[in-house]
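Asker: Take a look at the following structure, please.
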Amino acid sequence: MAAGPISERNQDATVYVGGLDEKVSEPLLWELFLQAGPVVNTHMPKDRVTGQHQGYGFVEFLSEEDADYAIKIMNMIKLYGKPIRVNKASAHNKNLDVGANIFIGNLDPEIDEKLLYDTFSAFGVILQTPKIMRDPDTGNSKGYAFINFASFDASDAAIEAMNGQYLCNRPITVSYAFKKDSKGERHGSAAERLLAAQNPLSQADRPHQLFADAPPPPSAPNPVVSSLGSGLPPPGMPPPGSFPPPVPPPGALPPGIPPAMPPPPMPPGAGGHGPPAAGTPGAGHPGHGHSHPHPFPPGGMPHPGMSQMQLAHHGPHGLGHPHAGPPGSGGQPPPRPPPGMPHPGPPPMGMPPRGPPFGSPMGHPGPMPPHGMRGPPPLMPPHGYTGPPRPPPYGYQRGPLPPPRPTPRPPVPPRGPLRGPLPQ
């Protein structure tokens with residue numbers, strides 16, 4: 001248990017233990033700190049007259065990492081009802097002491113060293129356990145304490161943040177403490193700050209910043225940047241948060257799509273009998289009497305590879321020749337539908353008008369607007385609704401109604417002979 005000379009100790013692996021009760025012995029101190037790591041030796045200075053220890057001791061560990069771990073887990077724990085102070089040896093603390101000592105006044109009597117350590121350790125490294133001045137007879141707090149920080153940055157932050165704050169329902173006062181060797185001069189002078197800046201040990205143990213690595217507050221999302229480099233949405237697209245544009249009328253182009261340019265005029269005799277009419281197949285391919293196959297298959301649906309500009313050029317009706325000229329004017333007559341398909345002409349007299357051809361959308365004879373620019377979907381009839389009653393076929397004449405069939409009556413039973421008067 002007995003320690004060797006101080007010069008033979010590993011000061012970096014030795015911790016100072018203060019605030020020990022008189023019942024604490026070296027074997028108990030050995031077993032207590034053995035939980036933090038392997039202990040080399042323990043030493044508790046004793047009074048030569050009484051033979052009792054003076055309330056503090058030293059514990060040497062096998063490595064410096066074990067000593068640092070013991071300081072973290074053993075500091076301010078209670079032993080026999082008293083919180084013990086565990087930190088590095090005093091020789092090491094003297095090298096780190098730069099004079100950043102603060103005074104804390106108007107403390108509540110219930111505040112102990114543990115509460116002060118937990119409160120002020122958020123601002124930086126504390127070299128020694130906070131010292132609360134107590135009455136030697138009763139042990140009650142006198143209402144003020146001292147804290148020694150490892151840097152002036154930590155002490156400045158503690159004074160700025162905690163001065164005037166409430167701690168246990170009392171506003172505390174935090175300022176630099178007075179120096180012991182001079183009257184009326186406080187710590188934190190320019191000379192002390194200059195010496196602290198030149199101390200390499202104090203620069204190695206910089207105080208930690210609790211909220212220095214906090215993420216920045218979330219900012220507003222940036223608008224969509226188009227290919228033009230501005231914050232406006234692309235042409236034809238509604239701005240964020242607005243309603244979709246209305247559905248364009250049949251035959252009209254959706255907003256934002258430029259109209260198709262008319263084809264250049266053809267010289268006479270370049271592929272037909274006279275200049276072709278607008279919209280004919282020969283208008284876009286001079287020198288050919290017959291153009292390429294129709295861009296739309298029978299049924300009115302365009303090819304998947306066609307763009308919106310080609311749809312606008314070929315017309316809104318889904319046919320390859322929307323504006324064919326009359327016979328004899330140089331244009332070609334409209335093509336006849338394949339067998340089995342209804343003729344696009346007017347219906348016979350008395351018949352209801354035909355609906356749109358198979359494959360074309362209801363109510364939209366023109367090209368469909370591009371995806372993302374359509375309006376709300378059309379209202380659909382409720383489930384089970386069959387529509388109004390159909391009219392009778394054309395030429396049907398209802399004849400006179402047949403007479404109602406007589407309902408047979410049940411036979412009446414024959415009546416018997418009349419009875420005479422009842423006997424008296």
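Every residue gets a Cβ built from N, Cα and C, even glycine.
What Swiss-Prot records for 222-231, 303-323 is compositional bias 'Low complexity'. Look at Swiss-Prot and you will find 232-268, 332-381, 388-424 tagged as compositional bias 'Pro residues'. According to Swiss-Prot, the domain 'RRM 1' annotation covers 13-91, on the basis of sequence analysis. Look at Swiss-Prot and you will find 100-179 tagged as domain 'RRM 2'. What Swiss-Prot lists as N-acetylalanine is Ala2. Here Swiss-Prot flags Tyr56 as phosphotyrosine. Summarising the annotation, Swiss-Prot assigns region 'Disordered' to 207-424.
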Asker: Based on DSSP, tally up the residues of the domain 'RRM 2' (100-179) by helix, strand and coil.
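Answerer: The composition, in the requested order, is 19 helix, 27 strand, 34 coil.
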Asker: Helix, strand, coil: count each for the residues of the domain 'RRM 1' (13-91), based on DSSP.
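Answerer: Secondary-structure composition of the domain 'RRM 1' (13-91): 22 helix, 26 strand, 31 coil.
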Asker: What's the number of neighbouring CB atoms sitting within 10 A of the CB on the residue listed as 'phosphotyrosine'?
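Answerer: Result for the residue listed as 'phosphotyrosine': 16 neighbouring Cβ atoms inside 10 Å.
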